[in-house]
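Visitor: Here it is, the structure, as structure tokens.
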Amino acid sequence: MKMPLTWGSWFLLSAWILNAGAEISITPEPAQPAEGDNVTLVVHGLSGELLAYNWYAGPSISLTFLVASYIVSTGDETPGPAHTGREAVRPDGSLDIHGALPGHTGTYILQTLNRQFQTEVGYGHMQVYEILAPPTVMANDTALVERRDTLRLICSSPSPAEVRWFFNGDALPVAVRLGLSPDGRMLTRHGVRREEAGAYQCEVWNPVSVSRSEPLNLTVYFGPERVAILQDSTTRTGCTIKVDFNTSLTLWCVSRSCPEPEYVWAFNGKALKNGQDHLNISSMSADHEGTYTCIAKNSKTLLSGSASVVVKLSAAAVAMMIVPVPTKPMEGQDVTLTVQGYPKDLLVYAWYRGPASEPNRLLSQLPSGNWIAGPAHTGREVGFANCSLLVQKLNLTDAGRYTLKTVTLQGKTDTLEVELQVA
């Protein structure tokens with residue numbers, strides 16, 4: 001009486017009867033399946049009339065790794081301990097895996113039994129590739145100081161995959177790739193450079209899937225460098241800037257710096273109340289002659305730099321002259337009769353309404369620096385150390401000729417006239 005063949009009985013038989021001439025091979029279709037694909041482990045090289053198949057998912061023939069046993073004559077399939085609920089054996093011995101998962105990756109063994117109760121064994125390997133989720137770029141810091149700080153970027157992904165890096169949308173430059181770890185997941189740059197500031201991304205990939213991270217933006221602080229003072233926001237630079245009397249001048253402080261530096265201006269060594277990148281002189285006079293210095297300070301790098309320039313009246317402005325400011329004053333306004341090129345060794349001066357005679361004297365300045373009112377003073381005139389005369393709240397009767405008389409320490413006397421018009 002023949003005993004029926006069961007998976008348990010033939011598993012025991014197969015453990016000791018082996019046909020040494022086995023040439024069975026196993027290949028997956030598709031060859032590089034993605035997770036979720038239906039995969040068939042196709043068997044090649046089967047010979048003779050076969051009674052049964054055993055499929056194993058593991059490195060050896062062991063009950064622990066048994067996926068399923070299949071009886072050819074009846075079509076009965078019995079799942080084993082390693083069956084995941086997705087496997088099915090075909091009559092030709094191939095194994096279908098429905099919706100394969102990365103966990104199905106590994107070695108597969110097919111064991112066959114023929115009518116002589118001999119077994120043959122075939123081996124194959126299958127790699128199920130994940131559909132990769134976007135990785136994340138993590139940094140030790142996203143704002144670093146040039147040549148001082150170290151940059152460390154990590155491409156974080158839960159999946160085993162190849163890694164590529166991108167910088168500002170392009171493949172990472174060769175020089176930067178030198179800082180990659182062997183697995184490509186960590187990028188290290190000692191003494192980071194300004195040209196390495198930008199957007200970094202990493203991309204994970206396998207034969208069936210590619211996924212790129214969101215960009216991580218890196219800022220590299222540097223400077224200030226090449227601090228310079230420009231005239232009127234142009235490229236005109238130099239140690240000395242010559243300006244015509246009563247004209248305007250704008251000095252611009254420029255530098256190469258990230259972030260934009262803080263600015264401090266000084267005039268002849270004395271700090272000015274100006275925190276801007278430019279300094280305006282609205283009406284050039286002898287009082288504005290001197291050395292202007294701009295100091296640029298970077299709060300991130302803790303570095304600073306400075307530049308200086310000498311501002312002088314132009315040669316054409318050296319001769320003494322009087323210019324009303326504003327040039328066309330209106331009734332009710334104040335006007336300053338500004339003196340250009342007044343003597344540096346001035347002893348005294350006097351202003352007159354009309355010709356230089358005592359009854360017409362408005363005011364005069366004494367060697368002490370104080371000024372005293374003259375017979376023609378109306379109470380609206382004020383004198384300054386630079387010889388200028390302020391006339392307040394003009395009326396139409398203030399129009400006419402004004403005369404300035406100066407005396408130097410050497411006794412040189414000069415007289416200068418100006419015609420004031422009041423609109």
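Using N, Cα and C of the backbone, Cβ positions are placed for all residues, glycine too.
Owing to the predicted nature of the structure, the values given are computational and were not obtained by experimental measurement.
Grabbed the feature section from Swiss-Prot, which reads as follows:
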type: COMPBIAS; residues: 84-95; note: compositional bias 'Basic and acidic residues'
type: DISULFID; residues: CYS155-CYS202; note: disulfide bond
type: DISULFID; residues: CYS253-CYS294; note: disulfide bond
type: DOMAIN; residues: 224-310; note: domain 'Ig-like C2-type 2'
type: CARBOHYD; residues: ASN38; note: N-linked glycosylation site
type: CARBOHYD; residues: ASN217; note: N-linked glycosylation site
type: REGION; residues: 77-96; note: region 'Disordered'
type: SIGNAL; residues: 1-22; note: signal peptide
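Walk me through the surroundings of each of these features.
Guide: DSSP assignment over the compositional bias 'Basic and acidic residues' (84-95) gives 0 helix, 4 strand, 8 coil.
On its own chain, CYS202 (disulfide bond) has PRO135, VAL137, LEU153, CYS155, VAL163, ARG164, TRP165, PHE166, ARG185, ARG212, SER213 as residues at least 6 apart in sequence with a Cβ closer than 8 Å to its own Cβ. For the recorded site, CYS202 (disulfide bond), the DSSP three-state label reads strand.
CYS253 (disulfide bond) carries a strand DSSP state (E or B). Here CYS253 (disulfide bond) comes close to VAL227, ALA228, ILE229, TYR263, TRP265, ASP277, HIS278, LEU279, CYS294, ALA296, ALA307: these same-chain residues lie at least six apart in sequence, with C-beta atoms under 8 angstroms from its C-beta.
When averaged over the domain 'Ig-like C2-type 2' (224-310), pLDDT in the model lands at 88.
Residues within less than 8 Å, Cβ to Cβ, of ASN38 (N-linked glycosylation site) and separated from it by at least 6 positions along the same chain comprise ASP96, ILE97, HIS98, GLY99, ALA100. According to DSSP, ASN38 (N-linked glycosylation site) sits in a coil region rather than a helix or strand.
Annotation for ASN217 (N-linked glycosylation site): spatial neighbours THR142, GLY198, ALA199, TYR200, criterion Cβ-Cβ under 8 Å with sequence separation of six or more.
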Visitor: Could you count the residues of the domain 'Ig-like C2-type 2' (224-310) that DSSP puts in helix, in strand and in coil?
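Guide: Going by DSSP assignments, the domain 'Ig-like C2-type 2' (224-310) contains 3 helix, 49 strand, 35 coil.
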Visitor: Report, as a single number, how many Cβ atoms besides its own are within 10 Å of the Cβ of CYS294 (disulfide bond).
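Guide: For CYS294 (disulfide bond), the 10 Å Cβ neighbour count is 26.
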